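Asker: Pulled these from Swiss-Prot:
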DOMAIN    20-299  domain 'Protein kinase'
BINDING   V26, G27, M28, G29, A30, F31, G32, L33, V34, K49  ATP binding site
ACT_SITE  D141  active site, proton acceptor
MOD_RES   T171  phosphothreonine
MOD_RES   Y173  phosphotyrosine
Amino acid sequence: MAEFVRAQIFGTTFEITSRYTDLQPVGMGAFGLVCSARDQLTGQPVAVKKIMKPFSTPVLSKRTYRELKLLKHLRHENIISLSDIFISPLEDIYFVTELLGTDLHRLLTSRPLEKQFIQYFLYQILRGLKYVHSAGVVHRDLKPSNILINENCDLKICDFGLARIQDPQMTGYVSTRYYRAPEIMLTWQKYDVEVDIWSAGCIFAEMLEGKPLFPGKDHVNQFSIITELLGTPPDDVIQTICSENTLRFVKSLPKRERQPLANKFKNADPEAVDLLERMLVFDPKKRIRAGEALAHEYLSPYHDPTDEPEAEEKFDWSFNDADLPVDTWKIMMYSEILDFHNIDQGNDAGQVLMEGGVAQAQQNYA
């Protein structure tokens, strides 16, 4: 049997295999706690993310299952990669990934970024998005704190817990407000990969200016700030609004003209402003795509069409509309973990991974 070691981090029990030592807290999110650790097998530093009570509700179980499936499927230099996963005796799930020293949020709050860093970071964000979108996945929650960076300026997008299928019908209220695309606020239901391009544009603007472009205090204020810079949405965009209340609100706003971004970003290169103009477009159908943005003149120092891969196959979203009980999600999760480790479910190693009662669940639903 695997040996598990317990440690208290921020009042939370971290229960991990003895393979990982030197636990240090890195960050706390709504759904998990992240610690740095040393992998005794490889000698490399890693990040260990504890998913809090993943089997407490069907919604949380499904969210965890979705993130696990995505991390297994998405394999790209600019996407965080999964190196290990296990279930502890207390039935918590732990994702182990590579450790990067900082994130873009911390960098932006510490100092202004020089042009070559802005270019290189934006290039890597868009390179990652091109791959993710080609897999049929929308990140939905792209923001500086979800963009990890190491000392070599290598960048990786993380936190796919909110990611969804490319689907004309989607639920609203997902991404952090400052980076949220207007179609999420306006229609709530219908959006696609373009929401990530909007978020990337907001991040690009923040790298140029050193502060958030649209720091809304609430949903209404957020939309108002956007219209102050980009003008009133075109009529054909307004017509796509599903909610009567939202439609009334938008029509009640004073008509505003789009302001030239060059006036706001006076110190930015014309090429940078041009790319930003193409990313921050109200109509998602007219917003530049990741592949097109990579070929923009502003990113020419890094653009290499032979080294900007797309996914070999689409992500399988067949589970996503399933309304299943916790125990069923648990069995599915266990199966995915065994598949990750290439373990036959009948052997002893399989029993090790079933420490937290998953074995009992499988017996119940066999």
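Cβ coordinates come from backbone N, Cα and C, glycine included.
Computed from a predicted structure; not experimentally measured.
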Asker: Express the distance between the Cα positions of M28 (ATP binding site) and the residue listed as 'active site, proton acceptor' as a whole number of Å.
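Answerer: Rounded to the nearest whole number, the Cα-Cα distance is 16 Å.
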Asker: Just to verify a number: CA distance, G32 (ATP binding site) to D141 (active site, proton acceptor), in angstrom, no decimals.
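Answerer: D141 (active site, proton acceptor) has its Cα 16 Å from the Cα of G32 (ATP binding site).
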Asker: Would you identify which of the binding-site residues V26, M28, V34 has the most other C-beta atoms lying within 10 angstroms of its C-beta?
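Answerer: Of V26, M28, V34, the one with the most crowded Cβ is V34.
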Asker: Counting Cβ neighbours within 10 Å across all chains shown, tell me which of the recorded positions G32, D141 comes out on top.
Answerer: G32
Asker: Please report the DSSP secondary structure of D141 (active site, proton acceptor), reduced to three states.
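Answerer: Its secondary structure by DSSP: coil.
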Asker: Could you check what DSSP calls V34 (ATP binding site) once collapsed to helix, strand or coil?
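Answerer: The residue in question, V34 (ATP binding site), is strand (DSSP, three-state).
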